[in-house]
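Working notes for the structure below.
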Protein chains: 2
Amino acid sequence: MRECFEVRDTDVGGRIGELTVPRADVTVETPALLPVINPNLDTIAPRRLATEFGAEILITNSYIIHGTDDVREQALEDGLHDLLDFPGAIMTDSGSFQLSEYGEIDVTTEEILEFQHAIGSDIATPVDIPTPPDVSRERAEDELATTQERLELADEIDTGEMLVSAPVQGSTYPDLREAAGRHADGTDLDVFPVGAVVPLMNDYRYDDMIDAVAAAKRGLGADAPVHLFGAGHPMMFALAAAMGCDLFDSAAYALYARDDRYLTVRGTRHLEDLDYLPCSCPVCTAHSPADLRALPDDEREEALAAHNLHVTFEEIRRIKQAIRAGNLLELVEQRARAHPTMLDGYRTLLDHAAQLERADPVSKGAFFYTSHESARRPEVLRHHQHLDRLSVPDSLFLTEGSSARGDEFDDSWRVKPPFGPFPRALSKSYPLTAEAPDRTDRAALEAAADGVTRLVESNPETEVTLGHKGWPAGVLETLPEEVALVDLTADRT
Amino acid sequence: MRECFEVRDTDVGGRIGELTVPRADVTVETPALLPVINPNLDTIAPRRLATEFGAEILITNSYIIHGTDDVREQALEDGLHDLLDFPGAIMTDSGSFQLSEYGEIDVTTEEILEFQHAIGSDIATPVDIPTPPDVSRERAEDELATTQERLELADEIDTGEMLVSAPVQGSTYPDLREAAGRHADGTDLDVFPVGAVVPLMNDYRYDDMIDAVAAAKRGLGADAPVHLFGAGHPMMFALAAAMGCDLFDSAAYALYARDDRYLTVRGTRHLEDLDYLPCSCPVCTAHSPADLRALPDDEREEALAAHNLHVTFEEIRRIKQAIRAGNLLELVEQRARAHPTMLDGYRTLLDHAAQLERADPVSKGAFFYTSHESARRPEVLRHHQHLDRLSVPDSLFLTEGSSARGDEFDDSWRVKPPFGPFPRALSKSYPLTAEAPDRTDRAALEAAADGVTRLVESNPETEVTLGHKGWPAGVLETLPEEVALVDLTADRT
């Protein structure tokens, strides 16, 4: 078990964890949001982040501090916590972002780690190479090799109680991301940012972002705290949390406020386009859109930043509550409808159902079938996998109906879309207690048919009859030929 | 045009309207929430509803006032607005609910209308018969006849400036609901509650609720303000608004608070089950769940009622903003994932796509394809209807690709799921500018194929070739035989 991180609760790939930050003498509960503080300019004072918004941790940039004479001197003299006046944990970035933006920076990993230590950072970052998406494989490999050298170097430096992060790169090559994760996991470093995903998020490539995170997670151990570096829009937090991201940072709250942009979990709105404020945070209950527009620039920026932070922290709390209650995927279902690219992200998440299944709890409160996508949830996959292990009589009636037909068959099992067949004794077990709409859909029926197929294929000796309620021909055709069919709706007419 | 109601903006069946309430000298913007005030017991004082929550209208029960001696005398003496200390419009119910609960009441429509007038109600209600769901047709017809007599009586009584509502009954018989709507619309009454839907909502029968509203709307004119009587859970407001409901009332905010129940747009939570508060309203930013649990009973009830009201009014503002922005269905897409029965409700709403299409604006900002259900949106239906009117050459290439093949065909049109074919000149017109996920789904392809079929069937002389990107055989089989097929993905490999 990694010493600084303990997982307390899980749902899908999401988890509630405790990140112990010894240098700050603080335990941060994850999923956590790290507001980004520009050391030269704070829209919302760090003290207020802690007291008004409950921020337990923030992130600032040691490279900017290092490069700004008066700030550097003050940071070295008084320490970062006094400089920023923040009582929680402080993570620092290293200049990697500036490296990716401007092509070069004037510090080495050793220098910047030493500087981060000197100013009292609680979680430091080496200078990794944030390789952008879609570069040549050769470049991705070369830059990853450099990143890995720097992580090894960082691993060797004595940083005392300060935690050090180990960014996971690899561009859009899943095998490189996985290898990078495995390498980082092999160091004694502490926190694992999935790096260089900002360009993906800027282009709404949530599918590729999920693939990158999924690959990094395969390399990292389950006990590694994962930071989705640069992910600041609350719309995608639930999706990323479900894939196993524990830390998010938001510069968006302040940057967007500067441009009169208003964050919502359904996307970003421009203040001038709002006739109503779809929020009940303290800012939005005290103002109308016209009130906000009429404020002087600096007050408007601060008000919007405060709103943006409120919805962001609110979503973090919502995600934690969903993990606790075991309905994180139900939340993702809703967030996936915020934008077609979010649906792409969710559909991609479900491509990784087998990977997610391994961490997903065996039992939860309820399974709500709320879209065609629900048919691909890890619980459905798990049920299909378990079908192989069930013992089956010589003749079996699988039925959506209630009549058992005991005179004709050795046994009768229930069939419930999207799961498929199961012995009646399991009816009250999760996830077979699922609630589903009366108006079912083809995806649920296809998944149920897959379950029937799986059962038949692992029990070739058993004679199987399926009693279904009007399944379409296209679904029935996917079943093995030897399955006898009874249409129960035809029976009743 | 009905004098008291003006529709300002529409999206799907939803609208932003102005309900002019002359007796209160107030204009209420719809969709509006009417908090329910028990005249004997207010959890949140009416004055605070106006100032803190922006309530423009509330509803209270004239029958309870009539039956409580001291309150009745005070109401008759000082008037309802002084009694409740509320500056906005006040609607009153008549005792119909008590009739449905206890089988009898001791006032007539004349008496209670006169009483409502005497105490200064702004919108009064006659004593209709709230016929429950699933009763015999005979009972539904008999009770509807009684309701209609009472509406006719109410129509004849001189009520001065006071508006009077005309409840639409008919149980779960759509034709009766439609006839009831048509009858009510034929009176000079002013506001049209869809009545007796509470039992449907209590049983999560959102599908039947939508069918009842859709039927009532077919009978009522487009200019009739429609009140979904007893609908207090914000989870279903967007769905109901999209079907054309303008007024909601909430007793839930107070009743639920009494039982420590916490409203969210994703469903109801019990305070004891909350480890985090998934909200940023003034109550939830100032308290933790433990703080709330530790409050004395009356303070906790008030705090929860205030939270419940905040999320309820927030959802009303969100719906208004969505109507303004033309993305109400995108909001419904999300709310439909709150519970499987909400998905049933949304799927039922889409059964009424043709009815909704008639009011839906021809152009909006964007069409987001965010689920299989999106393929059944009114915009898709409209596009298919318009295909009949387009003039078509002798040979036509319909293609998902970019190559026009001008040497082989007279013309080349684009094909875009879920819409199907259209001339390239329409590419920049709504809804063909739709954004869709890269990972398309069968529902989108099936809808596109329906579009192709429709075009072919209305142009039997034209030779049509379809260039598709790997559509599954089951979808291609739905096309008319004479359509030639080119698989563009096969081309490229």
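Backbone N, Cα and C atoms are what each Cβ position is placed from, and that goes for glycine too.
According to TrEMBL, the features are:
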type	residues	note
ACT_SITE	A:D93	active site, nucleophile
BINDING	A:D128, A:A196	substrate binding site
BINDING	A:C279, A:C281, A:C284	Zn(2+) binding site
DOMAIN	A:13-340	domain 'tRNA-guanine(15) transglycosylase-like'
- Task: Report, in sequence order, every one of the recorded positions (A:D93, A:D128, A:A196) having a CB within less than 8 angstroms of a CB belonging to chain B; if no such residue exists, report 'none'.
- Result: none
- Pop the Cα-Cα gap between A:D93 (active site, nucleophile) and A:C284 (Zn(2+) binding site) into the table, whole Å please. 33
- Query: Between the binding-site residues A:D128, A:A196, A:C279, which lies closest to A:D93 (active site, nucleophile), Cα to Cα?
  - Reply: A:D128
- Task: Compile a sequence-ordered list of residues in the same chain as A:C281 (Zn(2+) binding site), six or more apart from it, whose Cβ lies below 8 A from its Cβ; state 'none' when nothing qualifies.
- Result: A:A306, A:H307, A:H310, A:V311, A:E314
- Message: Counting only residues 6+ away in sequence within the same chain, which have a CB under 8 Å from the CB of A:D128 (substrate binding site)?
- Response: A:S94, A:S96, A:T147, A:R150, A:L151, A:P167, A:Q169, A:G195
- Whole-number Å only: compute the distance from the Cα of A:A196 (substrate binding site) to the Cα of A:C279 (Zn(2+) binding site). 31
